[in-house]
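K.L.:
Quick one: the structure is below, questions incoming.
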Amino acid sequence: MENSLKSSGKPLAAPKVGMVSLGCPKALVDSEQIITQLRAEGYEISGTYDGADLVVVNTCGFIDEAVQESLDAIGEALAENGKVIVTGCLGAKKSASGSGLIAEVHPKVLAVTGPHAVGEVMQAVHSHLPKPHDPFVDLVPAAGIKLTPRHYAYLKISEGCNHRCSFCIIPSMRGELVSRPVAEVMLEAENLFKSGVKELLVISQDTSAYGVDVKYRTGFWNGRPLKTRMTELVGALGELAAQYGAWVRLHYVYPYPHVDEIIPMMAQGPLKGHVLPYLDVPFQHAHPEVLKRMKRLANAERVLERVQKWREICPDLTIRSTFIAGFPGETDAQFETLLDFIREAELDRVGCFAYSPVEGASANALDGALPDDVREARRARFMEVAEEVSAARIARKIGKTLKVLIDEVNAEGGIGRTAADAPEIDGVVYVEPAAKASKRYKVGEFVSVKITGADGHDLWGEV
């Protein structure tokens, strides 16, 4: 155990952080990672209490003696410096009353996190000791380098996938599911909103599985515990979006049961209008035998019931999905079941691919491969039905006034999107020019648009 910070009369004005590291080698590695990240972001490390702008204390809570030593170290840091962030095993320990032990003994600490929490520690450091941004020196903005327009951005929350769909080789390329630490995700989201992003598109290979690999481990954000789980993450992102008047849109939502918990957030309460009533759910097919061969969830009737229940709770819900037509062994009757599902579910936006073998996919070994012309004919027929359903749903929006995010401004007015439209893959709204110069639209702003027309894909409207 080491506490190398001592008092000296050498005050420094630069952003400097002191580090007290206690506990086992695993805790020492955590401290090394924190220091590495601090240095990577331009902070300096102070060897004295009074030479530091704040102090991070990495604690141990394994045995009573270690608990007391950690509490004493926190007290010393508070007395010598006054600004203290606490991390490590003791951060997760409760007192006899059930509250956090550290907060009860030392209520003046700035923030408390658990172990393995580099992201949470850095978020706390940023909150209490912001790193000055010098545009002449710093090459990378806090939000990172983005290839999307300034007003929307993608937020990847995990990598890899635990499914073994027979038509897919993603797990062999990207590996098993690895969820990003929840504080790291939240920090990136906050930086994006601060940079002017008005729409955050949450993506992964399987958004619904977020946190499964870490058993929904509890992290910390803004001084409060936050589970590494989709439901809790969406709620926290929605709260953050509300602070900045922004949107959160969910993509690649595999229809696990806990997805039902998200729907009320979209329909009511303070998150309504921020967690968008939009789900991108990759159903892929509707016949149980085909789904079984795909190694997908096979209870299509249950899925249809859930879709209908979602719409009862949230009538404005937009559902986008993707499907595969002509999968090996798909019969005419099974394909008709798929078309019936599209009609009954009234999906708003769909894409369909004619099945095509992918090198390395287990589906290549399935019997019943269909000729190319049959696969393509089924894809075309599917899209005919899907477009009929979509056109009918879009037509219901005529006469309504909708919130539109402007993506482009030109001589003909503006082009934007509603809550029902993700960029690049869904429709757009063509907005007539503003009547007055002072009312001209700006890219990245929200405007209220009265819908005056529609086709099978896009809308037209006026302010």
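For all residues, glycine too, the Cβ spot is worked out from N, Cα and C.
Per Swiss-Prot, the features are:
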type	residues	note
DOMAIN	15-130	domain 'MTTase N-terminal'
BINDING	C24, C60, C89	[4Fe-4S] cluster 1 binding site
DOMAIN	147-392	domain 'Radical SAM core'
BINDING	C161, C165, C168	[4Fe-4S] cluster 2 binding site
DOMAIN	395-463	domain 'TRAM'
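How buried are the listed features, and what sits near them?
P.N.:
Across all of the domain 'MTTase N-terminal' (15-130), the predicted model scores a mean pLDDT of 87.
DSSP assigns C24 ([4Fe-4S] cluster 1 binding site) to coil in the three-state reduction, outside any helix or strand.
For C161 ([4Fe-4S] cluster 2 binding site), the same-chain residues that are 6 or more apart in sequence and have a Cβ closer than 8 Å to its Cβ are C168, I170, P171, R174, E176, L177, Q205, D206, A209.
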K.L.:
Enter the number of other CB atoms within 10 angstroms of the CB of C168 ([4Fe-4S] cluster 2 binding site).
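P.N.:
The Cβ of C168 ([4Fe-4S] cluster 2 binding site) has 21 Cβ neighbours within 10 Å.
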K.L.:
Can you give me the Cα-Cα distance between C24 ([4Fe-4S] cluster 1 binding site) and C165 ([4Fe-4S] cluster 2 binding site) in Å, rounded to a whole number?
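P.N.:
Computed Cα spacing between C24 ([4Fe-4S] cluster 1 binding site) and C165 ([4Fe-4S] cluster 2 binding site) is 42 Å.
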K.L.:
Write down the Cα-Cα distance for C89 ([4Fe-4S] cluster 1 binding site) and C165 ([4Fe-4S] cluster 2 binding site), rounded and given in Å.
P.N.:
39
